[in-house]
């Protein structure tokens, strides 16, 4: 096993699966972290486990959080409908501070493991407009990580890696195919059923379908 370790945020979706494959291709021993945070699309947790097995991660950790106790998002509050048509501004599927919370916990695990690199599959090209997916956020979090940790102040700095940041969804899928990602294992839908079948209507489904079309690859998604 490689001495070079990385912690990777793995939702079970298309983007994060590709990031695991990219990190593995760079020679990292991969440690993946998923979150059971009260999301309505819980099928993504089973997808994350499947992806972790397929791509040979060293350890896959699922952390429980109660973000539905805070609410404020269609993904954590069942009284808020998931939009089926694009809207203006930041959509109601934005989960307040989600990537800040997730990266903070990944940072803690990375410090324990002695990993210096943390990978996240955020994208600022084909995305829903979430503020915590932008390059400015990633750069700011990296600065904070190196101010707020024992490892950081002792000169063992962390890097927050976002390799998909400037890639289109089609480019991401093409890269993942070259690296052996089985996209049939992944779940992207915001309201997937218990079997992981997708609605085909939400923003995440639309972006995913457009990505497969742009990549010229058969869509591996199962729909209900």
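Easy rule for this one: first residue shown is 1, then count along the chain.
Cβ coordinates are placed from backbone N, Cα and C, and glycine is handled just like the others.
Feature list (source: Swiss-Prot):
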- 10, 11, 12, 13, 14, 15, 16, 17, 18, 19, 20: ATP binding site (BINDING)
- 189, 199, 202, 205: Zn(2+) binding site (BINDING)
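Sequence features, as recorded in Swiss-Prot, placed on the structure.
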| residue | record | Cβ neighbours (10 Å) |
| --- | --- | --- |
| 10 | ATP binding site | 32 |
| 12 | ATP binding site | 26 |
| 14 | ATP binding site | 28 |
| 16 | ATP binding site | 26 |
| 18 | ATP binding site | 27 |
| 20 | ATP binding site | 29 |
| 189 | Zn(2+) binding site | 26 |
| 199 | Zn(2+) binding site | 17 |
| 202 | Zn(2+) binding site | 24 |
| 205 | Zn(2+) binding site | 21 |
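Rounded to a whole number, the distance between the Cα atoms of residue 202 (Zn(2+) binding site) and residue 18 (ATP binding site) is 21 Å. Note: the CA-CA distance between residue 14 (ATP binding site) and residue 202 (Zn(2+) binding site) rounds to 15 Å. Summary of the Zn(2+) site environment: with the site residues 189, 199, 202, 205 set aside, the chain residues having Cβ atoms within 8 Å of the Cβ mean position are 82, 188, 190, 191, 192, 198, 200, 201, 203, 204, 206. Using Cα positions, the member of the binding-site residues 10, 12, 16, 20 nearest to residue 189 (Zn(2+) binding site) is identified as 12. For residue 199 (Zn(2+) binding site), the nearest of the binding-site residues 10, 12, 16, 20 in terms of C-alpha separation is 12.
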